């Protein structure tokens with residue numbers, strides 16, 4: 001396990017050394033990884049840190065307002081780039097291609113933000129499992145294998161690249177960060193795009209965003225999963241009232257894990273699963289069916305794409 005206090009001192013010193021008298025951009029997402037990086041970088045660089053949150057249109061319900069509130073002391077740049085992301089993802093169905101497109105779009109948006117500001121470095125919250133999955137060919141993470149090979153930044157700084165998620169949480173507690181951040185569930189960098197099987201559209205994202213909100217409301221506080229989510233699969237036949245319908249299929253997933261390298265499904269009570277199914281199909285009229293995924297990792301990954 002990591003010595004959190006020693007790590008904090010070393011990370012701050014390393015950021016100072018690498019950036020020197022220059023400036024750096026920190027990519028905020030609201031998750032524990034980027035939040036820890038943001039605090040470390042802010043302590044190292046102060047006003048020479050440019051915090052940026054990109055609203056991709058692929059985020060969780062209420063996420064942008066939450067970011068504004070939590071990081072208001074940093075006065076972050078909030079960029080609505082949703083049109084750019086949806087346009088770039090139009091017609092794309094391959095999961096790996098989606099991840100690479102999202103990674104490239106993030107970099108291009110960051111480059112636009114810092115034009116004329118003489119910012120040489122990008123700081124991001126890559127952690128060890130991200131590197132393992134990307135380098136091992138399992139899936140490209142938007143902040144590793146999904147990054148373009150050519151960028152305007154002179155260097156990318158990844159203070160957490162050798163830490164597992166549970167170690168990042170230890171650092172978060174030592175900083176200290178509020179529990180709502182230090183204990184927050186992982187959320188994929190490419191956002192809800194990897195919870196939509198096939199082409200990403202605004203309609204599909206709206207459906208899966210509401211479904212994810214319901215799943216989190218029903219599971220997070222009571223059962224404390226490592227991660228829980230809803231993914232949109234395809235359409236299937238259902239019945240609404242006395243009429244046949246052709247609606248979306250939503251897959252619910254909740255897992256237990258320590259480091260995200262392996263995971264097992266949570267054995268949730270039937271009444272909880274029934275409530276989730278009932279809420280999703282009644283509150284989202286375009287959904288016809290809800291299923292629960294019990295596949296461990298391996299052979300499955302935690303996310304669907």
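Every residue gets a Cβ built from N, Cα and C, even glycine.
In this model, the domain 'GMPS ATP-PPase' (2-184) carries an average pLDDT of 90. What Swiss-Prot records for 2-184 is domain 'GMPS ATP-PPase'.
The number of other CB atoms found within 10 A of the CB of residue 34 (ATP binding site), across every protein chain shown, is 25. Taken from Swiss-Prot, the feature ATP binding site covers 29, 30, 31, 32, 33, 34, 35.
Cβ neighbours of residue 29 (ATP binding site) (same chain, under 8 Å, six or more residues apart in sequence): 53, 125, 187, 189.
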